[in-house]
Amino acid sequence: VFHLGRCWSVDPLLSSSYLLQDSRGRPKEIPHNEKLLSLKYESLDYDNIENQLFLEEERRMSFGGFRCLEISRWVVCGLIGFLTGLVACCIDIVVEEMAGLKYKVIKENIVKSTEAGGLSISLILWAVLNCAFVMVGAIMVACFEPIAGGSGIPQIKCYLNGVKIPRVVRLKTLVVKVLGVMCSVVGGLAVGKEGPMIHSGAVIAAGVSQGRSTSLKRDFKMFEYFRRDTEKRDFVSAGAAAGVSAAFGAPVGGVLFSLEEGASFWNQMLTWRIFFASMISTFTLNFFLSIYHHKPGDLSNPGLINFGRFESEIMSYNLYEIPLFIAMGALGGFLGALFNVLNYWLTIFRIRYVHRPFLQVIEAMLVAAVTVAVSFTMIYFSTDCQPLGPEHSEEYPLQLFCADGEYNSMAKIFFNTPERSVRSLFHSQPGTYNPLTLGLFTLTYFLLACWTYGLSVSAGVFIPSLLIGAAWGRLCGIFSFSAAQLGGIVRMTLSLTVIMVEATGNVTYGLPIMLVLMTAKIVGDYFQEGLYDIHIKLQSVPFLHWEAPGTSHWLTAREVMSSPVTCLNRIEKVGTIVDILSDTSTNHNGFPVVVKVSHNNEPAKLCGLILRSQLIVLLKHKVFVELARSRLNQRKLQLKDFRDAYPRFPPIQSIHVSQDERECMMDLTEFMNPTPYTVPLDTSLPRVFKLFRALGLRHLVVADDENRVVGLVTRKDLARYHLGKHGLEELHLAQT
């Protein structure tokens with residue numbers, strides 16, 4: 001606990017209370033659980049460690065070597081785009097074939113049952129098929145790879161923000177994500193396959209950029225220079241953008257998505273490489289889909305979702321309609337906030353009660369069964385019959401109790417994949433749906449989509465949001481409501497505007513869409529956070545937003561730092577290092593390296609910073625002073641040894657150190673970062689926050705005027721303060 005002007009006396013992760021502000025701006029302490037910010041999440045080291053090994057390697061590299069590295073980055077981005085497009089193509093083809101077969105079988109059964117009576121058999125068949133697909137997808141997620149659940153966008157946002165989410169970019173995660181989203185969409189849930197493509201692209205990028213697979217234990221000896229968090233972060237940004245591009249056919253929108261939603265670092269060359277990956281992804285998907293549709297070379301399917309062509313005359317608008325767009329954005333923001341609030345309380349319920357794999361699978365199957373029952377009931381009692389068009393453009397028209405030459409209009413949007421339903425709502429002729437049909441569909445699908453997001457299945461929320469908004473827009477006669485609904489839920493502005501413009505192929509509505517999305521975000525933020533931010537907070541992730549809280553200028557580094565700090569001497573005893581790393585009561589990952597100035601209790605002078613992962617590699621290779629002097633070690637440790645161990649460094653428990661070796665000494669001079677970032681005690685909290693957010697720091701040393709270590713600021717210190725009283729209470733509520 002601390003008071004204004006005093007330092008922490010204990011590690012804040014073990015503290016039982018935290019300083020906050022009351023309504024008058026005075027310090028106030030509130031009790032909270034010590035595990036509110038989960039200890040399983042650690043920071044990534046986006047700051048390059050410029051130790052002697054790194055500088056020697058950089059100095060040995062010629063100008064041609066640096067040029068080859070730059071070419072390699074472009075090659076990696078091209079591979080990321082190609083593989084992401086290929087995965088998207090496989091997902092699209094499998095979903096189309098399996099869903100088409102399912103709807104064909106069910107339709108034939110419904111036709112027979114309508115003539116002979118006994119539609120209950122059709123209902124049971126529909127429910128069994130959907131539940132079977134959803135059960136397979138839920139078992140894969142709940143039992144084999146839980147991190148593959150949902151869209152994966154919150155996890156990728158955290159990764160790009162600088163938080164290491166366990167198993168988020170593993171090969172197993174990709175396999176479960178791809179197979180799971182196929183089962184979810186074919187299983188008829190209110191989900192889309194576009195959102196998970198962002199996570200899939202990020203996993204592909206993380207794997208390709210390392211030139212090996214730790215899951216398969218295969219090392220292709222490629223791209224070894226990129227085996228560090230800084231380079232990997234840039235490629236994951238490219239993978240996320242390629243996923244957006246493959247999903248919506250929006251290369252520019254993909255670049256802006258990575259910039260707006262994820263990346264904590266950006267530069268011009270990174271922009272070009274990410275755009276290149278996005279273009280390759282779109283082209284790859286387009287090319288292979290043209291072959292699948294027996295139209296080689298016809299590049300008219302740029303993304304998984306194809307909204308079709310919009311005529312400029314139909315899409316025109318007048319000046320007096322702009323206030324209507326703003327009002328529509330406000331309504332979309334309110335409905336999006338309502339969606340998020342309902343999903344928030346539902347997620348808390350799941351955290352408390354539905355945390356076992358068996359229960360998670362049962363819940364997913366229950367949602368699938370309820371979705372079928374609601375859909376069938378709505379179709380059965382619907383009296384909205386429409387004449388079949390001359391070209392029979394409806395995918396799976398159901399006649400049911402309509403007259404010959406007519407089909408059930410409710411079935412056109414319920415008895416179909418969500419992507420086809422969105423396209424139908426956008427392009428059907430006026431009068432295709434009566435207001436009652438649209439109103440009932442919107443209400444029921446809104447509740448079903450809210451219930452579905454957060455299940456232990458791979459699923460996205462983009463298409464369900466667009467489908468709800470498209471139904472609202474069809475009811476009101478306004479196209480942009482689909483953007484308002486989606487913007488009200490996910491709170492994206494610039495990137496979503498460009499995605500919608502690129503996906504529709506029409507820039508006429510660019511300004512209205514932007515107005516709608518900005519209004520939806522402003523109104524929605526007044527009531528509740530965005531859906532992704534809600535799930536990030538409920539997962540107890542130490543996520544840092546773009547700016548520090550506005551009321552934080554009166555705080556300085558001394559108020560948020562951890563003190564006293566566990567430090568290591570420049571030449572340290574091996575036994576001391578092993579004991580510090582083996583201490584289960586702490587999980588420190590960075591240690592200031594100091595030089596003792598005297599034998600009293602005064603703070604020691606800082607001379608560097610070394611990470612837990614570096615110490616483990618040094619212990620593994622027995623880099624001890626005594627062994628070096630006796631020439632028992634055959635070679636000098638190189639930067640390659642650290643890269644070979646990245647990213648899964650072995651735990652300290654797996655490294656054997658004998659009793660004699662514990663008495664040896666270890667010289668950290670060559671391996672530590674001699675120039676870590678430091679700040680004085682009186683540095684303002686917003687400035688500390690900017691250093692973490694912009695540079696991707698993991699540790700920030702607080703030093704006095706004589707460069708003596710007095711504290712250490714970590715990401716969790718800042719994240720805990722950023723949450724504030726309301727956020728801590730929400731986490732406490734969710735976890736208890």
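Backbone N, Cα and C define each Cβ position, glycine as well.
If you look up TrEMBL, you'll see 672-730 marked as domain 'CBS'.
Remote same-chain partners of the transmembrane segment (74-95), defined as residues 6 or more beyond its termini with a Cβ less than 8 Å from a stretch Cβ, comprise 174, 178, 181-182, 185-186, 193, 197, 200-201, 204-205, 208-209, 223, 226, 235, 238-239, 242-243, 245-247, 273-274, 276-286, 288-289, 292, 304, 417. Per TrEMBL, the feature transmembrane segment maps to 74-95 (among others).
What TrEMBL records for 123-144 (among others) is transmembrane segment. For the transmembrane segment (123-144), the list of distant contacts is 98, 102, 105-106, 109, 172, 176, 179-184, 186-189, 357, 360-361, 364-365, 367-369, 371-373, 376, 455-458: same-chain residues at least six beyond its ends, Cβ to Cβ under 8 Å.
According to TrEMBL, the transmembrane segment annotation covers 174-192 (among others).
The annotation transmembrane segment is assigned in TrEMBL to 235-258 (among others). Sequence-distant neighbours of the transmembrane segment (235-258) (same chain, 6+ residues past either end, Cβ-Cβ under 8 Å): 76-77, 80-81, 84-85, 87-88, 156, 159-160, 169, 193-195, 197-206, 208-209, 226, 270-271, 273-275, 277-282, 284-286, 301-306, 462, 492, 494-496, 498-499, 501-503.
Among residues of the same chain six or more beyond the transmembrane segment (270-292), those with a C-beta under 8 A of the stretch's C-beta atoms are 73-74, 77-78, 80-82, 84-86, 88-89, 92-93, 201, 205, 234, 237-239, 241-246, 249-252, 254-255, 258-259, 298-304. Taken from TrEMBL, the feature transmembrane segment applies to 270-292 (among others).
Remote same-chain partners of the transmembrane segment (322-346), defined as residues 6 or more beyond its termini with a Cβ less than 8 Å from a stretch Cβ, comprise 446, 449-451, 453-454, 465, 469, 472, 476, 478, 480-481, 483-491, 512, 515-531, 534, 538. Taken from TrEMBL, the feature transmembrane segment covers 322-346 (among others).
The transmembrane segment feature in TrEMBL is assigned to 358-381 (among others).
Long-range Cβ contacts of the transmembrane segment (443-463) within its own chain (Cβ-Cβ under 8 Å, at least 6 residues beyond either end) map to 134, 137-138, 141-142, 146, 148-153, 176-181, 183-185, 189-197, 247, 305, 335, 339, 342-343, 346-347, 350, 357, 360-361, 363-364, 367, 370-371, 374, 378, 418-419, 422, 471, 486, 489-490, 531, 535. Marked as transmembrane segment by TrEMBL: 443-463 (among others).
Per TrEMBL, transmembrane segment is recorded for 507-527 (among others).
Sequence-distant contacts of the transmembrane segment (507-527), counting only residues of its own chain at least 6 positions beyond either end whose CB sits under 8 Å from a CB of the stretch, comprise 310, 312, 315-317, 321-322, 325-326, 328-330, 332-334, 336-338, 340-341, 479-481, 483-484, 487-489, 491-493, 496-497, 500-501.
Mapped onto DSSP helix, strand and coil, the domain 'CBS' (672-730) counts 27 helix, 17 strand, 15 coil. In the predicted model, residues of the domain 'CBS' (672-730) average a pLDDT of 82. Sequence-distant contacts of the transmembrane segment (174-192) (same chain, six or more residues past either end, CB-CB distance under 8 Å): 87, 90-91, 94-95, 98-99, 102, 126, 130-134, 136-137, 140-141, 144-145, 148-149, 152, 199-200, 203-204, 207, 305, 367-368, 371-372, 375, 417-419, 445, 448-449, 451-453, 455, 457-464, 466-467.
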